[in-house]
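Swiss-Prot has this to say about the protein:
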TRANSMEM  12-29  transmembrane segment
DOMAIN    57-161  domain 'FAD-binding FR-type'
BINDING   164-199  FAD binding site
């Protein structure tokens, strides 16, 4: 097991690695590294931030500020909030609903989890994979910078409280990484949260590993708290990680026991969910845990499905 770092030492490292500002909340926001690259000194002030999404059901048309190609079928979209003093208003773990109206007047709505810091001012980022035949992703990938997309929310998934578990395991595949990364990033960068985090992340090839740089930066920055294990079906080049799929034997050897103060969070495409935990019955009904995790003795008391 990874050695447990103390709350005081983590807080000290956090303080040494950031620039002092007037309010502790903005000190926390300033420490985010890569995910806050679009912020500048004028974005982090003593002025209270305005929340964009308050759960009032209102749709907000937001401009695409930047589009970056992440892989052959995935892009990172940066959206501008109403002003540089606005934050999303999201908490961990929560998502937004995105909408577009078809030429025939019907609404196409999809949920997306931002990968940028919840405290980032003036912007938020989504990492989105294009799916053949996907109505929303096809529309989105046809847009350009300065085009707009409508959003509303937040949609609360799991309400995270610091130190609610001694450790958690995040199991994901493909774009299922986004809510898992949101949790990992939030926990690791919070100086008062000592929760151990182990990410198990499966993909077809090393090139398909989304947010790889950000994941490895967190693991490097917090080696006593964050561990990342990749699983790749078709390893290439200098890839260092597990080969093939996440196996039952690996889980048996590496997961905390069902009775421990820990929790497992799972997110991925339907076949991945079917294999390990079973899919949700509905957005509000987690259903029973099935698949490999059930075979290992885990129940809905130990597992959450995004």
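All positions are counted from 1 along the displayed chain.
Each Cβ is built from the backbone N, Cα and C atoms, and glycine gets one as well.
Since this is a predicted model, take the numbers as computed values, not measurements.
Swiss-Prot feature annotations superimposed on the structure.
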{"residue": "164", "record": "FAD binding site", "contacts (Cβ under 8 Å, 6+ apart)": "195"}
{"residue": "169", "record": "FAD binding site", "contacts (Cβ under 8 Å, 6+ apart)": "198, 199, 200, 254, 255, 256, 262, 263, 264, 265"}
{"residue": "174", "record": "FAD binding site", "contacts (Cβ under 8 Å, 6+ apart)": "129, 202, 203, 208, 210, 268, 269, 272"}
{"residue": "179", "record": "FAD binding site", "contacts (Cβ under 8 Å, 6+ apart)": "93, 95, 113, 157, 265, 267, 306"}
{"residue": "184", "record": "FAD binding site", "contacts (Cβ under 8 Å, 6+ apart)": "170, 197, 199, 215, 218, 226"}
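Its Cβ placed at the centre, residue 194 (FAD binding site) has 19 other Cβ atoms within 10 Å. Within the model, the domain 'FAD-binding FR-type' (57-161) shows a mean pLDDT value of 96, rounded to a whole number. The Cβ neighbour count for residue 199 (FAD binding site), using a 10 Å radius over every protein chain in view, is 23. Secondary structure of the domain 'FAD-binding FR-type' (57-161) per DSSP, as helix, strand and coil residue counts: 7 helix, 51 strand, 47 coil. DSSP assigns residue 164 (FAD binding site) to coil in the three-state reduction, outside any helix or strand.
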